[in-house]
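Over in TrEMBL, the protein carries these features:
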type	residues	note
DOMAIN	5-156	domain 'PurE'
BINDING	13, 16, 43	substrate binding site
Ligand code: RP5
């Protein structure tokens, strides 16, 4: 039997994957196993209930949830699991993701969702936050995360160049 991946990436639609794959790419770069699933709060509510209520028992440690528009997925997930949930507002067509952002960030006190920026940057940072959580109890991962950040620092030139 293969070990349960510690990170679950869930998203409301196939159309969210082009955004959420940026979280997956970070996890891959840091050698963190993950699973990715389409779980819609609106279209597959029963799948959401099963995923969220079973997450901790299956061995997941962190959930990254991305959704757009009336983005209930991260909040509903957080309501049904004690695991840390990081919400990624997917950029919507109608309101450029401001609807997604406000839907995710404005959780009432008591059920937190760690909300990231709209779109690709948010997905990438959700991956990095998940890594930071896991690194608290994984020294090897902490070293890889340090190296990732050092490489990012080294890549910044001192003077601008014409592109
Ligand atoms: C949300 O509606 C999804 O998270 C997605 O961002 C948005 C649009 O979904 P599709 O109509 O592309 O399936 O539930």
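The backbone N, Cα and C atoms fix where each Cβ goes, and this holds for glycine too.
Compute the center of the Cβ atoms of 13, 16, 43, which mark the site for substrate; besides them, the chain residues with Cβ within 8 Å of that center are 11, 12, 14, 15, 38, 40, 67, 68.
Within the set 13, 16, 43 that the record links to substrate, no two Cα atoms are more than 14 Å apart, and one pair reaches that distance.
Cβ packing within 10 Å was compared across the binding-site residues 13, 43, and the lowest neighbour count falls to 43. A 10 Å cutoff on Cβ-Cβ distances gives residue 16 (substrate binding site) a total of 25 other Cβ atoms nearby, all chains included. Confidence in the domain 'PurE' (5-156), given as mean pLDDT, stands at 98.
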